[in-house]
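First comes the structure, then the notes that go with it.
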Amino acid sequence: MNAVSPSRAGWALVLPLVAFIVIAFLAPIATMLLRSVHDPEIADLMPRTRQALAQWDGTGVRQVAFEAVSADLREASATNQIGRLAQRLNRERNGLRVLIDVTARHLEREPDTKLSRIDPGWSDPALWQILARVTSPWTGRHLLNALDLTVTPDGILVRQEEARRLYVDLFLRTAWVAALVTLICALLGYPYAYAMAAAGPSLGALLLFLVLLPFWTSLLVRATAWIVLLQRRGVINEGLLAMGLIGETGRLDLIYNMTGTIIVMVHVLLPFFVLPLYSVMAGLPTSYVRASASLGAHPLRTFARVYLPLTYPGVAAGGLLVFILSLGYYVTPALVGGRTGQLISNQIAFHMQRSLNWGLAAALGTLLLLAVLLLALTLPRLAERGGLRT
């Protein structure tokens, strides 16, 4: 009987993990990246139009293109896909839904009617340029929309009209919230991690237990508990009112806004900052601090020049982890954010679940993923150059 080599046996043990990573992690990401640039929906609904406009130079629409559109609209009506087509085209320019619906109904009654007689809008060259662009299955328009950009009929890249500029501001708001949450976690988590590292075994174990305790409860339960605490007639407002610090008309709006989003996110993400920092602090030799004190350095100087630099790797690891998690947070803003506390992840969920614009949702997710990867790749190098590593 042939013996199995140790290397093959090792690979056999690893294969289930590799398969899980590919199926549950890499495949969804690859699908998202593909959807951001591949949108065959209109091309599948208008195959004749796609073929007729494939070699169009942008000037002088030929009769074959009009006939192709008429045939595609009649087929879409016959297969009950005209509403889907109209809705999809209306994303490219407001008013196309009405144009498609009216034209399709007219063609059902009189199939041989020319499009320009049904509606003068079919004589607009800009409309045909839109059709030529959207009937291609490969497109960059979703990525451009995610950056609040668009391409004019002349091929010039310009910003979207002001009423449609949404996503760049949301990206900036998300980055600002992530940075603020990271800063607050650092201000709260550093003293706590220091207390854990400096405490004795019993007290240190208790402090560590308090950090790990939130992981034993559902995120939904924690968010709901904060709603009870922060609402206008919640525990905090009632307590302040009982102490005479606020009046009945001065109740604080702490929930369903950006304030509530930040408070709950800090509570949820604080352990992710404390634990990496504590692991670094627990491994630091105390001889450095004692040597600085024996040389006559002030305790504050010892902390600033000796202890703090030694903990920079933990600060960088915890800060990076909190910042990245904050960028993609969805549940907390959805529950406690209200209208003003929404982040880019909520907009991605909106397009996935309600507007069904999966291409735009994939483009937003792709840009967010690229931002996270860029941050994860550059921050360690910046930290190393800045002396954050020891």
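Residue positions begin at 1 at the first shown residue.
Every residue, even glycine, has its Cβ placed from backbone N, Cα and C.
Features as listed in TrEMBL:
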- 12-34: transmembrane segment (TRANSMEM)
- 170-193: transmembrane segment (TRANSMEM)
- 171-379: domain 'ABC transmembrane type-1' (DOMAIN)
- 205-230: transmembrane segment (TRANSMEM)
- 254-278: transmembrane segment (TRANSMEM)
- 315-336: transmembrane segment (TRANSMEM)
- 356-379: transmembrane segment (TRANSMEM)
Outside the transmembrane segment (170-193), six or more residues from its ends: residues with CB under 8 Å to it: 207, 211, 258, 261-262, 265-266, 269-270, 272-274, 277-278, 281, 311, 314-315, 318-319, 322-323, 326-327, 342-345, 347, 367-368, 371
Tertiary contacts of the transmembrane segment (356-379) (same chain, 6+ residues out, Cβ under 8 Å): 29, 32-36, 39, 91, 139, 142-143, 145-147, 167, 171, 175, 316, 320, 323-324, 327-328, 344-345, 347-349
